Amino acid sequence: MNPPALMMFLISLAIGTTITLSSHHWLLAWIGLEINTLALLPIMTKTPHPRAIEAATKYFLTQAAASALMLFSCLISALQAGEWDIDTPPELMVNPLSLALMMKLGLAPLHFWLPEVLQGIPLSTGLILSTWQKIPPMILLLQTSHNINLSLAVTVGLTSVLIGGWGGIGQTQLRKIMAFSSIGHLGWIILILKLNPQLSLFSFILYIVMTTAAFLSLIILSTTKMYQISISWTKNPALTTTVMITLLSLAGLPPLTGFPPKLLIILELVKQNMTILATLVMLASLLALFFYLRLTYIITLTLAPNIYSSVTTWRATTKPHLTAAIMNILALALLPLTPTILLV
């Protein structure tokens, strides 16, 4: 794809997100989501490969279905309330509207499109799909969090954490692993959405930071399969070590950035007398921990046959990647700043 066209589509993505985030009107929010979806489709198919075309088709069909359900819910809500304001509680259609936004996010049990779509597109487009494209529906859910059915949020959240861990165990493709990781993390966020929207927003921001760091590192290492990352040590030892620690951060191990959201969510659930749910979600997260530890084991404790006389090969990059460096630092070292961030 030529640069001016790519720039135009990226600007359209930004405009669509801005329209959704700044709108108080359901129809404008829907238009912003549609601009976002249509702007991403050409970026997905910039490499004219059958897998990319298939991924773009699946993405379009699922997003179109979710958009249709969302527009239908908004119309019925406007008919009932007499206005399109986002703050107006759509009592009749709150569940279908929430499900439509959850389908756009890729939450279980409406998650089937996400691993397949992510597997068929390049890592750079996967980064946009896993981070930027999650922002508009998540902000809409946060704006309507006071109306969301608690039983629906808890059911979808717990199911997503289970599916996110269970689905990622047998995968060897890194993009599918990142897709199931995304489902699991968003499950944690939705779980607490009704009870503490501020904590959900904090967890979502940290999810974006950690996922961006992981994707940027994989892009620099040019790895999409598990066996490729197992031989990346000779290409870039420093970045390979950072990837390992970033994966542990995604798993939620202390003292890394991924630990505070999970700790605070568990504490909030216990405070709300939902101890059984807190126990279930902690046990479900052990499934995800298994495949993160499996990846770190492959990266660090399995050494590929090295036929080179030098420790690092000629493919080692010396080009500085400032964005990746900043995101990796944030993905590893935000734990001490958590109280300050929550006070802002």
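Using N, Cα and C of the backbone, Cβ positions are placed for all residues, glycine too.
All TrEMBL annotations are machine predictions without curation.
Just so it is clear, the model here is predicted, and its values are computed rather than measured.
Summarising the annotation, TrEMBL assigns domain 'NADH:quinone oxidoreductase/Mrp antiporter transmembrane' to 23-287. Residues annotated as domain 'NADH dehydrogenase subunit 2 C-terminal' in TrEMBL: 289-342. Feature annotation from TrEMBL assigns transmembrane segment to 26-44, 56-81, 93-114, 148-170, 177-195, 201-224, 236-256, 276-301, 322-343.
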Confidence summary (mean pLDDT) of the domain 'NADH dehydrogenase subunit 2 C-terminal' (289-342): 75
Proximity verdict for the transmembrane segment (276-301) and the transmembrane segment (26-44), three or more C-beta pairs under 8 Å: no
Stretch contact, the transmembrane segment (177-195) with the transmembrane segment (56-81), Cβ-Cβ under 8 Å, 3+ pairs: no
Remote residues contacting the transmembrane segment (93-114) - C-beta distance under 8 A, at least 6 residues beyond either end: 33, 58-59, 61-63, 65-67, 69-70, 72-74, 76-77, 80, 134, 137-138, 140-141, 144, 147-149, 152-153, 156-157, 159-160, 162-164, 179, 182-183, 186-187, 190
